[in-house]
Amino acid sequence: MSNKKKVILGMSGGVDSSVCAYLLLKQGYEVEGLFMRNWDSMLNNDFLGNENISQDICPQEQDYQDALEVANKLGIKLHRVDFVNEYWNDVFKTFISEYEAGRTPNPDILCNKYIKFKAFSDYAFNNLGADYIAMGHYAKVTDGRLYRAKDQNKDQTYFLAQLSHEQLKRVLMPLAEFSSKEEVRKIAQEQDLITASKKDSTGICFIGERKFTKFLQNYIPMQPGDIVDIRTNKKLGKHEGCFYYTIGQRKGLNLGGQAEPYYVCGHDVKKNILYVAPSSDLSYLTSDALLATGLTLNHDDFDHNNLSAKFRYRQQDIPVTIELLPNNTIKVYYPSESQAVTPGQQVVLYEGQKCLGGAVIEKIYYKGSEKTYL
């Protein structure tokens with residue numbers, strides 16, 4: 001009987017997880033792949049905005065075929081599991097209810113917390129006898145603690161910050177030390193893997209590319225209302241539904257005849273009003289503090305005087321100070337100010353290379369006053 005440690009690898013049919021399979025084999029693990037099916041367009045009424053609905057083979061099925069071909073090439077077993085119900089209940093219902101409340105959720109964060117590192121890991125450990133699970137994320141995990149990847153451009157710790165130390169204790173991230181995606185593709189080419197030049201997946205986690213406003217209309221009916229200048233309270237036009245617009249958005253407002261472009265600065269969901277402000281006045285987007293809830297901290301030990309944060313993916317870190325409050329609540333102060341910090345999104349805290357954790361943004365402040373129009 002083999003004394004090799006068994007790793008169950010999330011295989012998506014993309015180049016990252018394909019190369020992970022090769023690397024883990026090379027490192028001496030017993031490797032098996034697990035492909036997740038998390039979305040069913042027919043069952044989930046996903047018709048509007050879905051350009052794949054009439055294709056002979058849906059992208060998800062093509063991904064499975066690619067993962068299978070890679071698994072066969074590397075001589076490993078590929079399992080397939082269906083988490084459509086879990087995704088709907090734990091990720092998508094929250095996603096929709098947040099939009100209905102006029103907030104901007106991040107499905108990738110929910111997806112990692114409840115699917116990849118909960119449903120997937122439970123299945124791998126309980127059904128497939130895994131010692132470890134592995135994922136093709138660009139992030140570093142050491143002893144269950146989360147750190148930034150070497151490739152800062154691809155670093156995905158922002159999406160993993162809600163994971164607990166417990167969830168990460170038996171996780172391997174083989175791509176942590178790569179300097180660029182090109183290095184990963186080069187290995188795939190050298191090993192003649194079918195996914196070597198496959199494009200990165202984009203769009204909503206496990207759902208894919210959609211025409212977003214149309215896609216939301218499958219689940220949230222259109223509710224046209226007034227677009228109002230927040231400074232003058234003057235009606236400037238009509239919107240299709242508050243839920244379809246995000247804070248800071250400039251395109252798609254159809255406000256012709258104005259002296260300058262406008263941007264979305266807030267909404268009143270109950271009154272169905274979309275608030276806008278002119279581009280020359282960014283004060284309505286600016287904030288210097290926030291309150292966030294549901295804080296998960298992955299590191300216990302950190303220097304309170306050397307913290308930075310991101311409020312959205314790929315944003316440059318900005319220096320912050322924090323105030324830890326009861327009930328996993330946190331106040332974050334950023335005196336250098338930031339724009340378009342949005343309720344429903346996540347604040348992620350860092351100390352150098354350490355990703356300390358994250359929380360969901362609830363309230364935004366500027367010069368001591370809450371911005372209630374968000």
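Glycine too: its Cβ is placed from the backbone N, Cα and C atoms.
Quick caveat, the model's predicted, so the values are computed rather than measured.
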From the list Cys20, Cys205, Cys242, Swiss-Prot names as the disulphide partner of Cys111 the residue Cys205
Joining Gly10, Met11, Ser12, Gly13, Gly14, Val15, Asp16, Ser17, Met36 at the ATP site recorded in Swiss-Prot, out of Gly129, Gly136, Gly144, Gly225, is Gly136
Expressed in Å to no decimal places, the gap between the Cα atoms of Cys111 (active site, nucleophile) and Gly14 (ATP binding site) is 17
Of the recorded positions His137, Cys205, Gln345, the one whose Cα sits nearest to the Cα of Gly14 (ATP binding site) is His137
Simplified DSSP label at Asp16 (ATP binding site) comes out helix
DSSP output for His137 (site 'Interaction with tRNA') maps to coil
In the three-state DSSP scheme, Cys205 (active site, cysteine persulfide intermediate) belongs to coil
Here the Cα-Cα span from Ser12 (ATP binding site) to His137 (site 'Interaction with tRNA'), rounded to a whole number of angstrom, reaches 11
Spacing of the two Cα atoms, Met36 (ATP binding site) and Cys205 (active site, cysteine persulfide intermediate), in whole angstrom, works out to 12
